[in-house]
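Record features, source TrEMBL:
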- 83-226: domain 'Replication factor A C-terminal' (DOMAIN)
- 236-303: region 'Disordered' (REGION)
- 236-257: compositional bias 'Basic and acidic residues' (COMPBIAS)
- 264-290: compositional bias 'Basic and acidic residues' (COMPBIAS)
């Protein structure tokens, strides 16, 4: 623990803690030598971060309910199907635990032996296995219920910490707990931070594969978890932008109409001026008409 005393930071430890400062480790020295040779005349460029954008309309077109999702399992398809499903988390299943012990290389489940662990895909002994998430969420919507399986990468984003940290904290909590009930030793305890997701309504991107048509206990693998408010927010922004564009188009149209009206008025005036210019007169006709008496006007009318 780092504490502050008299304006200075102090490192507080227990009696069993050992602190190594600038320890000379041969492997580290060798690695530093390799890197210093390679990076001697190298300039580190700017890191380009690519942001993935989600199209709200595309997601909405592929969003289905649980009942429709279950019906798609019965269909024979040549390739995997991807759908979105909005559902509420009702339960976290613990029968198959919330984690699995994996190989640090291939990330697959390893087989425990008497004295060590064996990775079948890598065909070698694993010295330091790593716990990874495998969560089974019971989910529900208006049409039915099912089980969604969430693996390590998406589970880390959802929980907010990796499985190794949570695993160690869980072990420590069990070791320091005063609960002497031995009947629950074999029961898998779901950490509270995972159970806090019960009651949340989330948008799941799920995949249907040939495997779904073979298993008896129906589950669906989650590829991505999206907060529905994000999509609703994007949808609102899109609608606001469309409304703003429509208002802008209406304003432009009004301005065009006014401009057209002004142009027409100006054109008619110009035509009138041109017409007057085309008519050669000296004003005598108008003058004579104005000098005529009423009787003369009547006589002209009769004539």
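Our numbering is plain: 1 for the first residue shown, then up by one each step along the chain.
Cβ atoms are placed via backbone N, Cα and C, with glycine included.
Because the structure is a prediction, the values reported are computed rather than measured.
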### Query
Taking the domain 'Replication factor A C-terminal' (83-226) alone, what is its mean pLDDT?
87
### Message
Quick check on the domain 'Replication factor A C-terminal' (83-226): DSSP residue counts for helix, strand, coil, in that order please.
### Response
33 helix, 59 strand, 52 coil
